[in-house]
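Encoded as structure tokens, the structure appears first; notes follow it.
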Ligand code: MRU
């Protein structure tokens, strides 16, 4: 996608044998900055501290982290150390584990002298494939928005609610949940997006709004708690969100607060769609509720807020009563029964084991 007229992906190879460049998402929406990663530990840190975030983007960064490790030392020991370190950077998004395993499979059985080149090639493939997958998710999801538009009276816009950021910044390009929205807008459909601010890290207010604004898509940021009211008032035609891990039965883990939106959507007969690439499906988990590991992050993300002051400085301030404890579970799991359908690169399916297996028959036992 474009920033100020220039097309960017979220990650690309830098100069030389050991250099990867990522967009520093902690600086957005106020400043466009990149970060150069030279060692696998830089990639691990970028993932852990959310310089990069969003399940597919985390996976792409980890894949490149494995290249950086091999550039330093192509030994088996290094492979194991980097793989273990990268996988531990964040626990919920399964794309991270998937990408590291893909890299191990691509290089493990090769002579040391061939490993680095093979690793760069596989990392590039993972990124190119992610772009194409997201484009296909967009095309399938577009049909759902078109169906919603067909149900509206002439001149009425389609109102879509989304949570967190599942746009191009969370992937390599396009995004998952936002790809259908971009395509609908580009096709001339009158869409408007309710953007949940997504406390505590504000991925909605900062990143989704930045993306949609950059693409010219009409949108309004709302407090996280506004969704139920908007749905009750008939102001939401459909919800669409991303996911960090989807269990084999269609339960989906996504940013904290997603479950509450799904409950409100269910109570108000608003379709609730979840968009995902196959790399987000954890076939080893028969169900997600109670089984998907939920990242616990620092309470400081709840007690403090970062923003821009009137004179342009970026500052972090405390917004809570000093001394009070704060809890910060970063994800929740929405049970499949609350999900109207899953939107994947292969098409749209019911959020159920059968629905997923119909789209991915090679996974049948
Ligand atoms: O903590 P984050 O910002 O990495 O969480 C991201 C999300 O929850 C996204 O919705 C999810 O990764 C899907 S991204 C296509």
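Cβ coordinates come from backbone N, Cα and C, glycine included.
According to TrEMBL, the residue from 9, 13, 90 that belongs to the substrate site alongside 53, 54, 55, 203, 254, 255 is 90.
If you take the Cα of residue 55 (substrate binding site) and the Cα of residue 244 (active site, proton donor), they are about 5 angstrom apart, rounded to a whole number. Within 8 Å of the Cβ centroid of the substrate site, not counting the listed residues 53, 54, 55, 90, 203, 254, 255, the chain contributes 58, 92, 93, 164, 165, 166, 170, 242, 244, 331. For the recorded site, residue 255 (substrate binding site), the DSSP three-state label reads strand. The 10 Å shell around the Cβ of residue 255 (substrate binding site) contains 28 further Cβ atoms across the protein chains shown. For the pair residue 255 (substrate binding site) and residue 164 (site 'Transition state stabilizer'), the C-alpha distance works out to 6 angstrom.
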